[in-house]
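Have a look at the structure below, then the notes.
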Amino acid sequence: MSSLWAQSLKHLENDLNDQQFHTWIRPLQAIEEDSVIRLLAPSTFILDWVNKKLMDNIRQAVATASPVNPPEVKLEIGDYTVESANETERTVPQPLQSKNKSETPTTSKTSDKTSGKSAIKHNLNTSFTFETFVEGKANQLAAAAARQVAENPGGSYNPFFIYGGVGLGKTHLMHAIGNQLMKDKPGARVVYLHSERFVADMVNALRHNKIDDFKRFYRSLDALLIDDIQFFANKEQSQEEFFHTFNTLLEGNKQVILTSDRFPKEVDGLEDRLKSRFGWGLTIAVEPPEFEMRVAILLKKASEYGVVLPDEVAFFIAKRLRGNVRDLEGALKRVGAYAQFTQQTLTVDLVKEALKDLLALQQKMVTLENIQKTVADYYKIRVADILSKRRSRNVARPRQMAMAIAKELTNHSLPEIGDAFGGRDHTTVLHAVRKVKELRETDHHLDEDFNSLIRIITN
Ligand SMILES: Nc1ncnc2c1ncn2[C@@H]1O[C@H](COP(=O)(O)OP(=O)(O)OP(=O)(O)O)[C@@H](O)[C@H]1O
(Lines of atoms letter the chains of each structure in order from A and count residues from 1; the text may use other names and numbers.)
(Lines give C-alpha, C1' and ligand atoms only; values in the text may rest on other atoms or scores of the structure.)
Protein backbone atom coordinates (compact mmCIF):
# COMPACT_ATOMS: atom_id res chain seq x y z
CA MET A 1 0.00 0.00 0.00
CA SER A 2 1.33 3.45 -0.85
CA SER A 3 2.53 5.35 2.16
CA LEU A 4 0.56 8.43 1.24
CA TRP A 5 -2.59 6.37 1.10
CA ALA A 6 -1.70 4.72 4.41
CA GLN A 7 -1.47 8.21 5.93
CA SER A 8 -4.71 9.29 4.29
CA LEU A 9 -6.42 6.19 5.66
CA LYS A 10 -5.54 7.25 9.17
CA HIS A 11 -7.23 10.60 8.61
CA LEU A 12 -10.24 8.93 7.03
CA GLU A 13 -10.53 6.51 9.89
CA ASN A 14 -10.76 9.45 12.26
CA ASP A 15 -13.10 11.37 10.06
CA LEU A 16 -15.65 8.67 9.26
CA ASN A 17 -17.58 6.29 11.42
CA ASP A 18 -16.56 2.65 11.56
CA GLN A 19 -19.24 1.36 9.26
CA GLN A 20 -18.46 3.94 6.58
CA PHE A 21 -14.75 3.32 6.85
CA HIS A 22 -14.92 -0.47 6.74
CA THR A 23 -17.65 -0.72 4.12
CA TRP A 24 -16.58 1.87 1.59
CA ILE A 25 -12.99 2.93 2.19
CA ARG A 26 -11.27 -0.25 3.23
CA PRO A 27 -12.04 -2.16 0.00
CA LEU A 28 -10.27 0.52 -2.07
CA GLN A 29 -6.77 -0.19 -3.34
CA ALA A 30 -4.41 2.67 -4.01
CA ILE A 31 -1.81 3.05 -6.73
CA GLU A 32 0.37 6.10 -6.34
CA GLU A 33 1.64 7.65 -9.54
CA ASP A 34 3.49 10.93 -10.15
CA SER A 35 0.88 13.50 -9.30
CA VAL A 36 -2.09 11.18 -9.16
CA ILE A 37 -3.33 8.68 -6.68
CA ARG A 38 -5.52 6.05 -8.36
CA LEU A 39 -8.05 4.39 -6.13
CA LEU A 40 -9.37 1.10 -7.40
CA ALA A 41 -12.87 0.17 -6.32
CA PRO A 42 -13.75 -3.53 -6.51
CA SER A 43 -17.25 -2.94 -7.91
CA THR A 44 -19.27 -0.27 -9.66
CA PHE A 45 -21.51 -0.24 -6.68
CA ILE A 46 -18.72 0.80 -4.33
CA LEU A 47 -17.36 3.18 -6.94
CA ASP A 48 -20.71 4.97 -7.29
CA TRP A 49 -21.25 5.25 -3.59
CA VAL A 50 -17.78 6.56 -2.85
CA ASN A 51 -18.05 8.96 -5.76
CA LYS A 52 -21.33 10.34 -4.54
CA LYS A 53 -20.73 10.47 -0.82
CA LEU A 54 -17.11 10.25 0.16
CA MET A 55 -14.91 11.90 -2.45
CA ASP A 56 -14.70 15.17 -0.51
CA ASN A 57 -13.57 13.32 2.59
CA ILE A 58 -10.99 11.39 0.58
CA ARG A 59 -9.57 14.51 -1.11
CA GLN A 60 -9.43 16.24 2.22
CA ALA A 61 -7.61 13.30 3.82
CA VAL A 62 -5.11 13.09 0.96
CA ALA A 63 -4.53 16.83 1.16
CA THR A 64 -3.95 16.59 4.89
CA ALA A 65 -1.48 13.77 4.36
CA SER A 66 0.32 15.65 1.61
CA PRO A 67 -0.33 19.38 2.10
CA VAL A 68 2.27 20.54 -0.42
CA ASN A 69 1.00 19.79 -3.92
CA PRO A 70 -1.54 17.14 -2.98
CA PRO A 71 -1.97 14.63 -5.80
CA GLU A 72 -5.13 14.42 -7.81
CA VAL A 73 -7.41 11.59 -6.67
CA LYS A 74 -8.89 9.36 -9.36
CA LEU A 75 -11.43 6.72 -8.60
CA GLU A 76 -11.69 3.79 -11.00
CA ILE A 77 -13.00 0.31 -11.11
CA GLY A 78 -10.33 -2.36 -10.84
CA ASP A 79 -8.43 -4.82 -8.80
CA TYR A 80 -4.71 -4.48 -8.40
CA THR A 81 -4.13 -7.91 -6.83
CA VAL A 82 -5.79 -9.68 -9.71
CA GLU A 83 -4.41 -7.40 -12.42
CA SER A 84 -0.89 -7.87 -11.23
CA ALA A 85 -1.17 -11.56 -10.42
CA ASN A 86 -2.60 -12.81 -13.65
CA GLU A 87 -4.42 -10.78 -16.21
CA THR A 88 -6.23 -13.76 -17.69
CA GLU A 89 -7.82 -14.68 -14.41
CA ARG A 90 -10.18 -11.77 -14.74
CA THR A 91 -11.99 -13.70 -17.42
CA VAL A 92 -14.98 -15.17 -15.75
CA PRO A 93 -15.89 -18.60 -17.10
CA GLN A 94 -19.16 -18.85 -18.98
CA PRO A 95 -22.03 -20.59 -17.24
CA LEU A 96 -22.11 -24.26 -18.02
CA GLN A 97 -25.02 -25.45 -20.10
CA SER A 98 -26.87 -28.17 -18.29
CA LYS A 99 -26.58 -31.14 -20.61
CA ASN A 100 -28.88 -33.32 -18.67
CA LYS A 101 -31.03 -32.98 -15.62
CA SER A 102 -28.43 -34.15 -13.21
CA GLU A 103 -29.22 -35.91 -10.01
CA THR A 104 -26.97 -34.65 -7.28
CA PRO A 105 -26.97 -35.49 -3.61
CA THR A 106 -29.31 -32.65 -2.72
CA THR A 107 -31.71 -32.78 -5.65
CA SER A 108 -35.16 -34.26 -5.26
CA LYS A 109 -37.19 -35.88 -8.03
CA THR A 110 -39.65 -33.06 -8.55
CA SER A 111 -39.12 -31.19 -11.75
CA ASP A 112 -39.39 -27.43 -12.07
CA LYS A 113 -41.17 -26.87 -15.36
CA THR A 114 -40.24 -23.23 -15.76
CA SER A 115 -36.50 -23.65 -15.49
CA GLY A 116 -36.19 -27.11 -16.91
CA LYS A 117 -33.88 -27.94 -14.01
CA SER A 118 -34.66 -30.46 -11.33
CA ALA A 119 -36.06 -28.73 -8.28
CA ILE A 120 -34.21 -28.89 -5.01
CA LYS A 121 -35.37 -29.09 -1.47
CA HIS A 122 -34.10 -26.02 0.27
CA ASN A 123 -32.28 -26.49 3.55
CA LEU A 124 -32.91 -23.14 5.19
CA ASN A 125 -33.77 -22.68 8.81
CA THR A 126 -37.25 -21.22 8.44
CA SER A 127 -37.17 -19.57 11.85
CA PHE A 128 -34.25 -17.36 10.82
CA THR A 129 -36.22 -14.59 9.15
CA PHE A 130 -36.08 -10.79 9.03
CA GLU A 131 -39.12 -10.73 11.32
CA THR A 132 -37.29 -12.64 14.05
CA PHE A 133 -34.10 -10.62 13.65
CA VAL A 134 -33.64 -7.82 16.17
CA GLU A 135 -31.94 -4.74 14.82
CA GLY A 136 -29.76 -2.31 16.70
CA LYS A 137 -26.78 -0.08 16.18
CA ALA A 138 -24.51 -3.12 15.94
CA ASN A 139 -26.21 -4.72 12.94
CA GLN A 140 -28.42 -2.06 11.40
CA LEU A 141 -26.42 -1.60 8.26
CA ALA A 142 -25.98 -5.34 7.77
CA ALA A 143 -29.72 -5.91 8.18
CA ALA A 144 -30.62 -3.08 5.80
CA ALA A 145 -28.21 -4.38 3.18
CA ALA A 146 -29.52 -7.93 3.64
CA ARG A 147 -33.05 -6.72 2.93
CA GLN A 148 -31.80 -5.05 -0.23
CA VAL A 149 -30.16 -8.28 -1.32
CA ALA A 150 -33.41 -10.14 -0.74
CA GLU A 151 -35.29 -7.54 -2.79
CA ASN A 152 -32.81 -7.44 -5.60
CA PRO A 153 -30.87 -10.71 -5.71
CA GLY A 154 -27.96 -10.79 -8.11
CA GLY A 155 -27.91 -6.98 -8.14
CA SER A 156 -25.23 -4.63 -6.89
CA TYR A 157 -24.60 -6.36 -3.58
CA ASN A 158 -23.11 -9.45 -5.13
CA PRO A 159 -21.38 -11.15 -3.46
CA PHE A 160 -22.81 -10.07 -0.16
CA PHE A 161 -20.24 -10.72 2.53
CA ILE A 162 -21.11 -10.56 6.23
CA TYR A 163 -18.34 -10.82 8.80
CA GLY A 164 -18.08 -10.60 12.58
CA GLY A 165 -17.51 -12.57 15.78
CA VAL A 166 -19.28 -15.78 16.79
CA GLY A 167 -22.96 -15.83 17.61
CA LEU A 168 -23.70 -12.36 16.27
CA GLY A 169 -26.38 -13.28 13.74
CA LYS A 170 -24.45 -13.79 10.50
CA THR A 171 -26.05 -17.15 9.79
CA HIS A 172 -29.43 -15.82 10.84
CA LEU A 173 -29.23 -12.92 8.38
CA MET A 174 -28.02 -15.16 5.60
CA HIS A 175 -30.99 -17.50 6.09
CA ALA A 176 -33.34 -14.53 6.36
CA ILE A 177 -32.31 -13.53 2.84
CA GLY A 178 -32.73 -17.12 1.62
CA ASN A 179 -36.15 -17.43 3.23
CA GLN A 180 -37.27 -14.17 1.68
CA LEU A 181 -36.06 -15.29 -1.75
CA MET A 182 -38.02 -18.52 -1.39
CA LYS A 183 -41.11 -16.63 -0.32
CA ASP A 184 -40.93 -14.26 -3.27
CA LYS A 185 -40.15 -17.01 -5.75
CA PRO A 186 -41.17 -20.42 -4.42
CA GLY A 187 -39.27 -22.52 -6.98
CA ALA A 188 -36.00 -20.65 -6.47
CA ARG A 189 -32.91 -22.81 -6.22
CA VAL A 190 -31.42 -21.61 -2.98
CA VAL A 191 -28.79 -23.64 -1.18
CA TYR A 192 -27.23 -22.95 2.18
CA LEU A 193 -24.16 -24.78 3.35
CA HIS A 194 -21.28 -24.54 5.68
CA SER A 195 -17.97 -24.20 3.87
CA GLU A 196 -16.81 -27.51 5.37
CA ARG A 197 -19.83 -29.19 3.79
CA PHE A 198 -18.85 -27.78 0.41
CA VAL A 199 -15.37 -29.21 0.85
CA ALA A 200 -16.71 -32.60 1.99
CA ASP A 201 -19.17 -32.73 -0.92
CA MET A 202 -16.42 -31.98 -3.33
CA VAL A 203 -14.12 -34.64 -1.93
CA ASN A 204 -16.97 -37.14 -2.16
CA ALA A 205 -17.75 -36.15 -5.71
CA LEU A 206 -14.12 -36.60 -6.68
CA ARG A 207 -13.98 -39.98 -5.01
CA HIS A 208 -17.08 -41.20 -6.81
CA ASN A 209 -16.22 -39.67 -10.16
CA LYS A 210 -19.14 -37.27 -9.89
CA ILE A 211 -17.29 -34.02 -10.05
CA ASP A 212 -19.14 -32.92 -13.21
CA ASP A 213 -22.46 -33.40 -11.47
CA PHE A 214 -21.13 -31.55 -8.49
CA LYS A 215 -20.10 -28.60 -10.64
CA ARG A 216 -23.32 -28.57 -12.59
CA PHE A 217 -25.35 -28.64 -9.45
CA TYR A 218 -23.67 -25.74 -7.71
CA ARG A 219 -23.49 -23.70 -10.85
CA SER A 220 -27.19 -24.10 -11.54
CA LEU A 221 -28.33 -22.34 -8.39
CA ASP A 222 -30.19 -19.04 -8.07
CA ALA A 223 -28.51 -18.29 -4.78
CA LEU A 224 -25.62 -19.93 -2.97
CA LEU A 225 -25.15 -19.24 0.72
CA ILE A 226 -21.83 -20.34 2.22
CA ASP A 227 -21.22 -19.95 5.92
CA ASP A 228 -17.88 -19.49 7.67
CA ILE A 229 -15.67 -19.35 4.59
CA GLN A 230 -12.61 -19.09 6.83
CA PHE A 231 -12.72 -22.92 6.77
CA PHE A 232 -11.66 -22.82 3.13
CA ALA A 233 -8.26 -21.72 4.38
CA ASN A 234 -5.42 -23.82 2.98
CA LYS A 235 -7.77 -26.11 1.03
CA GLU A 236 -6.42 -25.20 -2.39
CA GLN A 237 -8.46 -27.53 -4.51
CA SER A 238 -11.72 -26.50 -2.87
CA GLN A 239 -10.81 -22.88 -3.30
CA GLU A 240 -10.13 -23.48 -6.96
CA GLU A 241 -13.49 -25.15 -7.47
CA PHE A 242 -15.27 -22.58 -5.41
CA PHE A 243 -13.60 -19.81 -7.37
CA HIS A 244 -15.08 -21.11 -10.62
CA THR A 245 -18.49 -21.80 -9.13
CA PHE A 246 -18.46 -18.35 -7.65
CA ASN A 247 -17.54 -16.71 -10.95
CA THR A 248 -20.17 -18.64 -12.85
CA LEU A 249 -22.87 -17.61 -10.43
CA LEU A 250 -21.78 -13.99 -10.43
CA GLU A 251 -21.59 -13.91 -14.19
CA GLY A 252 -25.12 -15.29 -14.40
CA ASN A 253 -26.31 -12.63 -11.92
CA LYS A 254 -27.04 -15.28 -9.34
CA GLN A 255 -26.70 -14.21 -5.74
CA VAL A 256 -23.77 -15.35 -3.63
CA ILE A 257 -23.82 -14.73 0.12
CA LEU A 258 -20.81 -15.46 2.30
CA THR A 259 -19.96 -15.15 5.95
CA SER A 260 -16.72 -15.26 7.84
CA ASP A 261 -15.45 -14.49 11.30
CA ARG A 262 -13.20 -11.75 9.91
CA PHE A 263 -12.74 -9.26 7.12
CA PRO A 264 -12.13 -11.26 3.90
CA LYS A 265 -8.65 -9.86 3.30
CA GLU A 266 -7.65 -10.98 6.79
CA VAL A 267 -8.53 -14.65 6.33
CA ASP A 268 -5.19 -16.43 6.30
CA GLY A 269 -4.66 -19.26 3.86
CA LEU A 270 -7.14 -17.93 1.33
CA GLU A 271 -5.93 -17.19 -2.20
CA ASP A 272 -5.55 -13.50 -2.99
CA ARG A 273 -7.76 -13.70 -6.04
CA LEU A 274 -10.59 -15.11 -3.91
CA LYS A 275 -10.12 -12.51 -1.22
CA SER A 276 -10.18 -9.69 -3.68
CA ARG A 277 -13.16 -11.10 -5.53
CA PHE A 278 -15.11 -11.34 -2.30
CA GLY A 279 -14.85 -7.58 -2.15
CA TRP A 280 -16.53 -7.00 -5.50
CA GLY A 281 -19.96 -6.66 -3.96
CA LEU A 282 -20.61 -5.44 -0.47
CA THR A 283 -18.76 -6.42 2.68
CA ILE A 284 -20.40 -5.57 5.95
CA ALA A 285 -19.70 -6.21 9.63
CA VAL A 286 -21.95 -7.25 12.48
CA GLU A 287 -20.79 -6.03 15.88
CA PRO A 288 -21.53 -7.30 19.38
CA PRO A 289 -24.92 -6.05 20.58
CA GLU A 290 -25.03 -2.96 22.75
CA PHE A 291 -27.09 -2.84 25.94
CA GLU A 292 -30.41 -1.69 24.40
CA MET A 293 -30.15 -4.32 21.72
CA ARG A 294 -29.41 -7.04 24.27
CA VAL A 295 -32.58 -6.05 26.11
CA ALA A 296 -34.59 -6.06 22.88
CA ILE A 297 -33.23 -9.49 21.93
CA LEU A 298 -34.08 -10.94 25.33
CA LEU A 299 -37.64 -9.59 25.19
CA LYS A 300 -38.19 -10.80 21.64
CA LYS A 301 -36.77 -14.27 22.29
CA ALA A 302 -38.77 -14.52 25.52
CA SER A 303 -41.99 -13.93 23.65
CA GLU A 304 -40.92 -16.49 21.02
CA TYR A 305 -40.23 -19.09 23.73
CA GLY A 306 -43.40 -18.18 25.62
CA VAL A 307 -41.43 -16.98 28.65
CA VAL A 308 -42.93 -14.09 30.62
CA LEU A 309 -39.94 -11.80 31.09
CA PRO A 310 -40.50 -8.60 33.09
CA ASP A 311 -38.53 -5.58 31.83
CA GLU A 312 -36.41 -5.24 34.95
CA VAL A 313 -35.32 -8.86 34.63
CA ALA A 314 -34.37 -8.31 30.99
CA PHE A 315 -32.38 -5.22 32.03
CA PHE A 316 -30.61 -7.19 34.72
CA ILE A 317 -29.57 -10.01 32.39
CA ALA A 318 -28.54 -7.59 29.64
CA LYS A 319 -26.41 -5.60 32.04
CA ARG A 320 -24.67 -8.63 33.47
CA LEU A 321 -24.21 -10.75 30.35
CA ARG A 322 -22.42 -8.95 27.60
CA GLY A 323 -21.47 -11.82 25.36
CA ASN A 324 -22.91 -12.64 22.00
CA VAL A 325 -26.54 -13.31 21.10
CA ARG A 326 -26.13 -17.07 21.32
CA ASP A 327 -25.01 -16.75 24.95
CA LEU A 328 -27.95 -14.50 25.72
CA GLU A 329 -30.32 -17.06 24.21
CA GLY A 330 -28.74 -19.81 26.29
CA ALA A 331 -29.12 -17.81 29.48
CA LEU A 332 -32.72 -17.00 28.70
CA LYS A 333 -33.60 -20.63 28.01
CA ARG A 334 -32.02 -21.64 31.27
CA VAL A 335 -33.86 -18.99 33.24
CA GLY A 336 -37.14 -19.93 31.55
CA ALA A 337 -36.67 -23.62 32.31
CA TYR A 338 -35.72 -22.86 35.92
CA ALA A 339 -38.85 -20.76 36.43
CA GLN A 340 -40.96 -23.52 34.92
CA PHE A 341 -39.47 -26.35 36.97
CA THR A 342 -39.70 -24.45 40.23
CA GLN A 343 -43.08 -22.98 39.23
CA GLN A 344 -42.06 -19.48 40.14
CA THR A 345 -42.44 -16.19 38.31
CA LEU A 346 -39.33 -14.66 36.86
CA THR A 347 -37.69 -12.12 39.14
CA VAL A 348 -34.17 -10.72 39.41
CA ASP A 349 -33.60 -12.96 42.46
CA LEU A 350 -34.66 -16.02 40.53
CA VAL A 351 -32.26 -15.09 37.71
CA LYS A 352 -29.45 -14.68 40.22
CA GLU A 353 -30.19 -18.19 41.41
CA ALA A 354 -30.64 -19.75 37.97
CA LEU A 355 -27.51 -18.16 36.51
CA LYS A 356 -25.45 -18.37 39.67
CA ASP A 357 -22.42 -19.95 38.05
CA LEU A 358 -22.39 -17.65 35.02
CA LEU A 359 -22.78 -14.53 37.12
CA ALA A 360 -20.21 -15.69 39.66
CA LEU A 361 -17.75 -16.34 36.89
CA GLN A 362 -18.29 -12.86 35.59
CA GLN A 363 -18.21 -11.27 39.00
CA LYS A 364 -14.91 -12.98 39.69
CA MET A 365 -13.41 -11.38 36.63
CA VAL A 366 -14.89 -7.99 37.21
CA THR A 367 -13.11 -6.74 40.29
CA LEU A 368 -11.80 -3.21 40.58
CA GLU A 369 -8.24 -4.58 40.64
CA ASN A 370 -8.84 -6.55 37.50
CA ILE A 371 -10.27 -3.51 35.73
CA GLN A 372 -7.25 -1.41 36.74
CA LYS A 373 -4.82 -4.08 35.61
CA THR A 374 -6.56 -4.69 32.28
CA VAL A 375 -6.78 -0.98 31.49
CA ALA A 376 -3.15 -0.44 32.48
CA ASP A 377 -2.02 -3.33 30.25
CA TYR A 378 -4.14 -2.04 27.40
CA TYR A 379 -2.59 1.42 27.52
CA LYS A 380 0.85 0.07 28.36
CA ILE A 381 1.13 1.95 31.64
CA ARG A 382 1.47 0.65 35.20
CA VAL A 383 -1.34 0.15 37.70
CA ALA A 384 0.69 2.41 39.98
CA ASP A 385 0.31 5.18 37.38
CA ILE A 386 -3.45 4.80 37.48
CA LEU A 387 -3.47 5.06 41.27
CA SER A 388 -0.98 7.94 41.32
CA LYS A 389 -1.66 11.66 41.40
CA ARG A 390 -0.09 12.19 37.98
CA ARG A 391 -2.25 14.21 35.64
CA SER A 392 -0.50 13.91 32.30
CA ARG A 393 -2.91 12.96 29.52
CA ASN A 394 -1.38 9.51 28.88
CA VAL A 395 -2.21 8.55 32.45
CA ALA A 396 -5.26 10.67 33.19
CA ARG A 397 -7.32 9.39 30.26
CA PRO A 398 -6.76 5.66 30.99
CA ARG A 399 -7.55 6.38 34.64
CA GLN A 400 -10.85 7.98 33.62
CA MET A 401 -11.60 5.03 31.36
CA ALA A 402 -10.93 2.60 34.19
CA MET A 403 -13.21 4.53 36.54
CA ALA A 404 -15.99 4.69 33.96
CA ILE A 405 -15.66 0.97 33.30
CA ALA A 406 -15.73 0.27 37.02
CA LYS A 407 -19.00 2.18 37.28
CA GLU A 408 -20.40 0.36 34.28
CA LEU A 409 -19.42 -3.17 35.26
CA THR A 410 -19.57 -3.31 39.04
CA ASN A 411 -22.07 -2.42 41.70
CA HIS A 412 -19.55 -0.37 43.67
CA SER A 413 -20.64 3.13 44.69
CA LEU A 414 -18.84 6.25 43.46
CA PRO A 415 -17.04 6.75 46.82
CA GLU A 416 -15.92 3.10 46.81
CA ILE A 417 -14.55 3.45 43.31
CA GLY A 418 -12.84 6.73 44.27
CA ASP A 419 -11.21 5.00 47.26
CA ALA A 420 -9.92 2.16 45.13
CA PHE A 421 -8.41 4.62 42.66
CA GLY A 422 -5.83 6.10 45.00
CA GLY A 423 -8.28 7.68 47.47
CA ARG A 424 -10.04 10.03 45.06
CA ASP A 425 -13.20 11.95 45.76
CA HIS A 426 -16.52 10.60 44.44
CA THR A 427 -16.96 13.77 42.35
CA THR A 428 -13.77 12.90 40.48
CA VAL A 429 -15.27 9.53 39.59
CA LEU A 430 -18.51 11.16 38.50
CA HIS A 431 -16.58 13.58 36.32
CA ALA A 432 -14.66 10.66 34.75
CA VAL A 433 -17.88 8.79 34.01
CA ARG A 434 -19.42 11.85 32.32
CA LYS A 435 -16.27 12.72 30.44
CA VAL A 436 -15.89 9.20 29.01
CA LYS A 437 -19.55 9.13 28.01
CA GLU A 438 -19.16 12.45 26.20
CA LEU A 439 -15.91 11.40 24.49
CA ARG A 440 -17.36 8.10 23.34
CA GLU A 441 -19.93 10.02 21.33
CA THR A 442 -17.38 12.13 19.49
CA ASP A 443 -14.23 10.04 19.33
CA HIS A 444 -14.82 6.65 17.78
CA HIS A 445 -11.32 5.42 18.62
CA LEU A 446 -12.00 5.98 22.26
CA ASP A 447 -15.40 4.35 21.90
CA GLU A 448 -13.75 1.31 20.33
CA ASP A 449 -11.18 1.20 23.15
CA PHE A 450 -13.98 1.30 25.68
CA ASN A 451 -15.86 -1.54 23.99
CA SER A 452 -12.73 -3.63 23.57
CA LEU A 453 -11.84 -3.21 27.23
CA ILE A 454 -15.33 -4.21 28.31
CA ARG A 455 -15.06 -7.27 26.10
CA ILE A 456 -11.65 -8.23 27.47
CA ILE A 457 -12.79 -7.81 31.06
CA THR A 458 -16.09 -9.65 30.71
CA ASN A 459 -15.06 -12.53 28.47
N1 LIG B 1 -30.02 -9.69 15.92
C2 LIG B 1 -30.52 -10.87 16.26
N3 LIG B 1 -31.85 -11.01 16.49
C4 LIG B 1 -32.37 -12.19 16.84
N5 LIG B 1 -31.64 -13.31 17.00
C6 LIG B 1 -30.33 -13.23 16.78
C7 LIG B 1 -29.70 -12.01 16.41
N8 LIG B 1 -28.39 -12.24 16.27
C9 LIG B 1 -28.20 -13.52 16.55
N10 LIG B 1 -29.35 -14.13 16.86
C11 LIG B 1 -29.54 -15.52 17.25
O12 LIG B 1 -28.36 -15.95 17.91
C13 LIG B 1 -28.03 -17.28 17.53
C14 LIG B 1 -26.63 -17.26 16.92
O15 LIG B 1 -26.69 -16.53 15.71
P16 LIG B 1 -25.97 -17.02 14.35
O17 LIG B 1 -25.91 -18.51 14.33
O18 LIG B 1 -26.61 -16.33 13.22
O19 LIG B 1 -24.52 -16.45 14.64
P20 LIG B 1 -23.25 -16.42 13.70
O21 LIG B 1 -22.82 -14.99 13.68
O22 LIG B 1 -23.51 -17.08 12.42
O23 LIG B 1 -22.21 -17.23 14.57
P24 LIG B 1 -21.10 -18.32 14.13
O25 LIG B 1 -19.97 -17.52 13.59
O26 LIG B 1 -20.80 -18.98 15.42
O27 LIG B 1 -21.72 -19.22 13.12
C28 LIG B 1 -29.10 -17.73 16.56
O29 LIG B 1 -30.05 -18.48 17.26
C30 LIG B 1 -29.71 -16.44 16.07
O31 LIG B 1 -31.08 -16.59 15.76
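Our numbering is plain: 1 for the first residue shown, then up by one each step along the chain.
Cβ atoms are placed via backbone N, Cα and C, with glycine included.
Since the structure is predicted, the reported quantities are computational estimates derived from the model, not experimental observations.
A C-beta separation below 8 Å, combined with a sequence spacing of at least six in one chain, links K170 (ATP binding site) to I162, Y163, G164, D227, T259, V286. The feature ATP binding site is assigned by TrEMBL to G167, G169, K170, T171.
Summarising model confidence by region, the domain 'AAA+ ATPase' (156-286) averages a pLDDT of 90. Residues or ranges marked as domain 'AAA+ ATPase' by TrEMBL: 156-286.
Annotated domain 'Chromosomal replication initiator DnaA C-terminal' per TrEMBL: 367-436, in sequence order.
Under the heading region 'Domain I, interacts with DnaA modulators', TrEMBL lists 1-103.
Annotated region 'Disordered' per TrEMBL: 86-118, in sequence order.
According to TrEMBL, the region 'Domain III, AAA+ region' annotation covers 123-339.
Annotation source TrEMBL lists region 'Domain IV, binds dsDNA' at 340-459.
Look at the binding-site residues G167, G169 and count other Cβ atoms within 10 Å of each Cβ; G167 has the fewest. A C-beta separation below 8 Å, combined with a sequence spacing of at least six in one chain, links T171 (ATP binding site) to N125, F128, D227, T259. Per-class residue totals from DSSP over the domain 'Chromosomal replication initiator DnaA C-terminal' (367-436), listed helix then strand then coil: 51 helix, 0 strand, 19 coil.
Using the Cβ center of G167, G169, K170, T171 for ATP, the list of other same-chain residues with Cβ within 8 Å runs, in sequence order, G164, V166, L168, H172, L173, T259, V286, V325, R326.
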